[in-house]
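Down below is the structure, laid out as C-alpha cells.
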Amino acid sequence: MPSPGVCMNIINARNGKNGYGTISNPVSFLNQDYQQLKQYCLSRRVRFIDETFPPDRNTIGQGLLKPSDLDRVKWLRPTKIVSDPSFIVDGVSRFDFGQGLVGNCWFLASIGALTFQDNILKQVVPPEQKFDADYSGLFHFRFWRFGKWVDVVIDDKLPTVDGRPIFVSSKEPTEFWPALLEKAYAKVCGSYADMNAGTPAEALVDFTGGVHMCINLSDPPPNLWELMFRAGQSSSLMGCGTPNGATSENTVQPNGLVKGHAYTVTGLKQVNNWQLIHVVRLWNPWGHKEWNGDWSDKSSLWQTVSQEDREECLSVGDDGEFWMSLEDFCKFYNDLDICCLCPDFLDGSSSCHWKTSIYDGRWVAGTTAGGQMTHTETFWTNPQYRIRIGKLLGECSQQQGDKNLLVSLMQMPDKRNRRLVQNFNIGFMIFEYKAETGKFPASFFSRNRPVVKTNIFLDAREVMKFVMLEPGEYLIVPSTFNPNETTSFILTILSKAETHVQ
C-alpha cells in the first residue's frame with residue numbers, strides 16, 4: 001500500500017465529513033445497526049431475518065428467473081446447506097468463487113481485483129465474522145456509496161435450488177464470504193436482478209472510495225504499459241471488458257474470449273524471446289473459458305522464454321486466468337478501468353503530495369441546470385467553482401510531472417433500485433479568468449473559451465480528466481449535456497499544487 005499521507009488522502013477526503021461516513025465510522029445502511037441487531041439476536045437466541053431485504057421473490061428481482069424456476073427456490077442458511085460452514089477458508093483468493101445466474105461479471109471481476117489488496121479487502125469484508133458460538137445469522141459488509149462509507153447488514157439466507165446456491169458460490173462448498181458479499185451488494189442495488197449488467201468501474205469505486213479513470217483501448221495512450229505498471233505498483237485496482245456482440249448473450253468466441261464480458265487485470269510481466277514482450281495476465285470471473293491465442297496457457301511461445309519466466313508465469317489449468325500480449329489486449333478489449341487510490345501512477349511522481357477537495361452539488365431544473373456550453377442563455381446558471389492554483393506542494397516542487405490537477409465528477413442516483421437509475425450525460429469545463437467577482441454571467445462565457453473540457457459528455461456514473469494548469473485563477477463548471485436535468489453530484493479535485501476552492 002502507498003504510505004499514508006502521500007496518497008491515502010484521497011480516501012481520507014472521500015471518507016465523509018466530521019468523521020461520519022468514514023470507514024471507521026460508517027453510516028448504517030437503512031438505519032440498521034449491526035452491533036445492536038447482533039446483541040438483540042444473541043440475547044433472545046434468535047436468528048436474524050432482514051425485513052428490509054427479505055428472503056422472497058422481490059429480493060431476487062424481476063426478469064432474472066422464470067416463474068417456474070422461482071417456484072423451486074428455497075432460501076437456506078449456510079448451516080442448512082452444509083454441516084460445517086465457514087466464512088473464510090484458508091484465506092481469500094480470486095479462485096475462491098464462480099459466477100452464478102446473475103449477469104454480474106463486472107461485480108465479480110472487481111472482487112477478483114480486490115483480493116490482491118488485503119488492507120482494502122478487510123475494509124469491505126470484515127474478516128472477524130464466523131459461524132461460531134456468537135453466530136446469529138447476521139453478517140455485515142462495507143461499501144463506499146456516493147461520498148460516504150455505509151455498513152450493510154444482511155441475514156445469511158441464500159437462494160438455492162436443490163440445496164445449491166444459484167448465484168455466486170465458492171468452489172470450497174463450506175466457504176460463504178463470496179455469496180454473502182454478493183447478497184450485501186445486491187441489497188444496496190435493490191435486488192439481485194438489479195446487479196445485471198455493468199462495468200467493473202462501478203464496483204471498484206464502491207470497494208475503495210477511489211477515483212476512476214477509463215482508457216479507451218482502441219486509441220490507447222503511447223505510455224499504456226508504463227501507466228498500467230505504475231497503477232499496479234501503487235495498489236490501484238484494474239478491470240476491463242470485451243466489446244458486446246450482436247446480442248446480449250455472453251457468446252464464447254473461437255479465440256476463447258467472451259463477448260460483452262468483464263475481466264480482472266491480475267498481473268503484468270515483461271518477457272524476453274529475442275525481443276522484449278509486454279504480456280498482461282487476465283482472469284475470467286466464470287472461473288473457466290480462457291484465451292487460446294499467443295501467450296495463452298498452451299501457447300508454444302512460452303518455450304521461447306527463459307525457464308525462470310516460464311515457471312513464474314505459466315500455469316496450465318482451466319481456472320479462467322491466462323496471459324496475452326499487450327498488443328492483443330488492446331485489440332480484443334475495448335476499455336480498461338483503473339480505480340486509483342493514489343493518482344501518482346498517472347505521471348510517475350511517486351513522492352509528490354496531493355491535496356484533495358470534495359464538494360457536493362446539485363443541478364436543479366429551472367435554476368441551476370443550465371446544460372452544456374452551447375446553451376448560451378442558461379449555461380452560466382450551472383454551479384460554479386473558483387479554484388486558485390499556486391506553487392507545487394512539497395517534493396513536487398523539485399519535479400516536473402506532466403500533470404498537476406485531477407478533476408472527477410460523479411452523479412448521484414435518485415432511486416435505490418439500480419436498474420431504474422437514469423444516468424445523465426455529464427461533463428465539465430475549466431476556464432481561466434483574471435478579475436471577476438460574484439457569479440460569472442453569460443457574457444463571460446460568450447467572451448471566453450474553456451482551457452480544459454471533457455472530450456464528450458458521458459452517461460456514466462463518473463467522468464474525470466487529468467490536466468496541467470499553470471498557476472492562476474480558474475473556474476470549474478460541471479454540467480449535464482441538456483438543460484433542466486435535475487440530479488446531485490460530487491466534484492472531487494486533486495492537486496499537486498497549493499489550491500484554494502470556493
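Including glycine, each Cβ sits where the backbone N, Cα and C put it.
What TrEMBL says about a protein is an automatic prediction, not a curated fact.
Positions annotated as domain 'Calpain catalytic' by TrEMBL: 47-342.
Annotation source TrEMBL lists active site at C105 (among others).
Residues or ranges marked as active site by TrEMBL: H261 (among others). DSSP assigns H261 (active site) to coil, not to a helix or a strand.
On its own chain, N284 (active site) has V258, H261, Y263, E290, G320, E321 as residues at least 6 apart in sequence with a Cβ closer than 8 Å to its own Cβ. DSSP gives N284 (active site) a coil state; it is part of no helix or strand. The feature active site is assigned by TrEMBL to N284 (among others).
In the structure as shown, the Cβ atom of C105 (active site) sits within 10 Å of 25 other Cβ atoms.
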